[in-house]
Amino acid sequence: MINFLILPILIPFLTGILLIFFAKNVSLSRWIAGISSFITIIVSALLVQKVRVDGIQTLDVSNWQAPFGITLVSDMLSALLVLTTSIILFTCVIYSFKTISKEQERFYYYSAMNFLAVGVIGAFTTGDIFNLFVFFEVLLMSSYVLLVHGGSKIQLRESLKYILVNVISSALFVITVAYLYSVVGTLNMAHISVRLSEIGESGIVTVIAVLFLIVFGLKGAIFPLYFWMPGSYYAPPAPILALFGALLTKVGVYSIMRTYTLFFLNDKDFTHQLLGILAIITVIVGVIGAIAYSNIKKIVIYNIIVAVGVILFGVAVMTPESLTGSVSYLIHDMIIKAALFLLIGIIIAITGTSDLRKISGLIKRYPGLGWTFFIAALALAGIPPLSGFIGKLLIVQEGFKEEHYWGAGIVLMSSLLVLFSIMKIFINGFWGTPQAYKDEEAVPVRKLLVAPVILVIISVLYGAGSEFVLPYISQAAETLSNPSIYIEAVLKE
Amino acid sequence: MKTNDIILQTTTKVVVFIIILFSIFIFFKGHYTPGGGFVGGLLTSGAIVLLLLAFDMKTVAEILPINYIYMTATGLLFAVGTAAGALFFNVPFLTHAFGDVYLPILGKTSLHTATIFDLGVFLVVVGVTMTIIQTIGGDE
């Protein structure tokens, strides 16, 4: 079936529409949302396997041949990210059953979640730079809805900032695409790559590269464009926070990865060095934030920034192994960040606060929660054999090999500090004297634990089964380090 | 002070139908020439907004008892349905079909599945515009 790669976009889309009709019937919409996101996982897993066996899948939408129409491209990187996205969607949906109030669920909550997934999966799948913008808009619209959903004071304040930042960055995105179009005269990403390599080194292309870095950097929260993130992500409830933290910034990171490996290869000395420097500063800033705060939400939010830096450093180094590391770390980070945010959501639900100083001794009464958190924390820091280790190892190793001693050293140091920042939560929050909290009886901890436990198990398997996973990851990285594979698959030359 | 809007109301009663007819004309015109679902939808919502201006929200809700959110969803279903119909024929997503059909009265007519897609766009535009306007207008 030639349309197979569009199914992961189509299923959440149809679900989102159907859920508008059934929004008032909460239990029915829960069933629909849960089942459809599970089907999406299966379909995306099949897609990954198909890409593994048959190579890159492309679809010329509406039967316009590439490069004239819009082409959807599923290479291994995009297929893996789509699979990860659908897993996170599923876990966030089942987590929402017990955390979001019925009143809120009625207000098209699951529809917005599904539309968000459409945007994210679409952005991962598209092979057209303008279509990428369109899917960015789809996911942004849904994220506005989700951010303000619930309508508490802090959410209204933060969503105003969030919308402002994103409207500006979207405008900049269109301007940049227009620039690029005026230079190369095409929007198909593979075709752009061909044309740009014909042009060779040129000032305007470097300008476009930097503009793209600004646009995607704003979404992906790199230094110095991360300023909006700690505030905005702090506002929404846990499942939405998990969706945002795991998916939205990663779309920005993916776009940087794609454009910097496919388009801007002529002036690497400038563009990739800039990316590398910014990535390293991002790591430093993130680590400082993660250590400085004693608010558990903030700590994990700043850890997103660290991870973004680490992944992009791997992209900046630009060797096949470092790209493998980046891809591996990207997928690991999506899973583990979602798990951590969901776990933190449970802690906040139990204690009623996100201030670490007011929490202690949780492990005595909630051992399951404690140990899940412990494993997630170790995985985040990249302790072998958990996930995150392989990715970071490859990135650091290649960094040293390519003589980026400073960068690789800082990434290495950052792991230690990340471990410290997250262990701070464990030591202060879980150890110590148990306290009694108001309303803790009402929290269905066991049921809530299902979603993060699924994610942590996946993360452990992902790390322990590296032997099995690595061929997929290196296939993804191969396309990145050798753009001609991608170009040939799309343009069928 | 009590406002006197009898002129507005009387004109509106006539003009609304002209606008809606024109919007349908534009909708079908868009098949080969400028026009189509988006502009048509905006025109129709323009007509409804005129009604809202001349009368009040309650009266309009009585005349047109439509849930605009469902209308948007229906429009989306039309659009996605037409696009996804391609899946059953194993042609790329969004591929349309067309052909000349002989219809009674109208004679030989060229039919295109893009029209159904456009109808979806039309419904979405009306639904979204009216939802936005009613939400803002509903705030006292």
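Backbone N, Cα and C atoms are what each Cβ position is placed from, and that goes for glycine too.
Copied from TrEMBL, the annotated features are:
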- A:6-23: transmembrane segment (TRANSMEM)
- A:30-48: transmembrane segment (TRANSMEM)
- A:68-95: transmembrane segment (TRANSMEM)
- A:128-417: domain 'NADH:quinone oxidoreductase/Mrp antiporter transmembrane' (DOMAIN)
- A:130-150: transmembrane segment (TRANSMEM)
- A:162-184: transmembrane segment (TRANSMEM)
- A:204-228: transmembrane segment (TRANSMEM)
- A:240-261: transmembrane segment (TRANSMEM)
- A:273-293: transmembrane segment (TRANSMEM)
- A:338-356: transmembrane segment (TRANSMEM)
- A:368-386: transmembrane segment (TRANSMEM)
- A:406-427: transmembrane segment (TRANSMEM)
- A:448-465: transmembrane segment (TRANSMEM)
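The list of residues near the transmembrane segment (A:130-150) in space but at least 6 beyond its ends in sequence, with Cβ under 8 angstroms from a Cβ of it, reads 70, 104, 107-109, 112-113, 115-116, 118-120, 122-123, 156, 158-159, 162-163, 166, 170, 173-174, 177, 187, 219, 232, 235-237, 240, 243-244, 247-248, 251, 255.
For the transmembrane segment (A:240-261), the partner stretch with the most Cβ pairs below 8 Å, chosen from A:68-95, A:273-293, A:338-356, is A:68-95. Contact between the transmembrane segment (A:406-427) and the transmembrane segment (A:68-95) does not hold: fewer than three of their C-beta pairs are under 8 Å, each pair 6 or more apart in sequence. For the transmembrane segment (A:68-95), the partner stretch with the most Cβ pairs below 8 Å, chosen from A:30-48, A:204-228, A:338-356, is A:30-48. When each of A:30-48, A:273-293, A:338-356 is checked for Cβ pairs under 8 Å to the transmembrane segment (A:204-228), A:273-293 comes out on top.
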